[in-house]
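Undergrad: Here you go, one structure.
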Amino acid sequence: MLFKQQALLRQKLLVLGSLAIGSVLYLVARVGTLDRLQPTCPIEGRLTDPDQIPLRTLQFKRGLLRKLCKGNASREQTHRQSLVQQLPRAIIIGVRKGGTRALLEMLNLHPAVVKASQEIHFFDDDENYARGIEWYRGEMPFSFPHQITIEKSPAYFITEEVPERIFKMNSSIKLLVTVREPTTRAVSDYTQVLEGKERKNKTYHKFEKLAINTNTCEVNTKYKAVQTSIYTKHLERWLKYFPVEQFHVVDGDRLITDPLPELQMVERFLNLPARIGQYNLYFNATRGFYCLRFNIVFNKCLAGSKGRIHPEVDPSVVTKLQRFFHPFNQKFYQITGRTFNWP
């Protein structure tokens, strides 16, 4: 009799245990599903105050906007959701290989920010610019009126016509400039071009031959990678149209090693409520830089092309470049009010 009771008890415990495990697995699966599902009904009266936007709103924002951009929603549905295509209120204008993509993707963690996924090249491309401002607006993602649309095109910073063109669109726009140590940035620029040449089985000069004039043994100021790293030269052109207060300089080197403080400064510059925290950034030892965590199921790392290994450069050439950039760097510090520990 006792043996039968024990057997029945074990059987009941087994059933209860199976039910408990099944419930837990269902809840885990359900949470993942809820994070992926997007609401389909109108949400009038919600998400009107940026201070009230929870981070999970990002899932709604991404899923809904993706559907609308693919044309799966009618004009009426778009209107009901109060979604619009807005001109940018902030633009990441450069610099190339300074961390512009990293900055854009990291800012997209913020629920009040909507990013253009591709570089539009509206202001630096004459053909695109001739299409007009409404064409440019049409290239922007759908967003709620309270959200800030941001695009990035690094060529803007060094193209002469761009400051005046952006000023004509919006004289009060906020401008973000990401910079890295100038010599490192120049080598990174070269590395990207080199990789492109190698993919096409083309030969390319060594960095030293491009960066140094072989006739004078001085820095080759006609080499584009060198020109781009003379930040103050380009910034002075922008200051003819915009006051320095409308610029925010981002440390691209720090975006690699410790991005959160940089992102928090950008949040304040854009007058956004603080929403990006340490939870949203985690270091990927394999990739060698920080990746993004949107929620418990959605993570993202930058493309594999980021973090390329730079070729070894003759130390004497590195020293020559650092000395060349030094006076320009000092002037850049004075103009922007931000000092970096560059050689």
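Here the Cβ of each residue, glycine as well, is placed from N, Cα and C on the backbone.
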Undergrad: Name the cysteine that pairs with CYS301 in a disulphide bond per TrEMBL, restricting the answer to CYS217, CYS291.
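TA: When TrEMBL is consulted, CYS301 turns out to be bridged to CYS291.
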Undergrad: What is the separation, in Å, between the Cα atoms of HIS310 (3'-phosphoadenylyl sulfate binding site) and CYS291 (disulfide bond)?
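TA: On Cα coordinates alone, these residues lie 21 Å apart.
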Undergrad: Just name the winner among LYS97, ARG101, ARG308, HIS310 (the recorded positions) by count of other CB atoms within 10 A of its CB.
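TA: Max Cβ neighbours within 10 Å, all protein chains included: LYS97.
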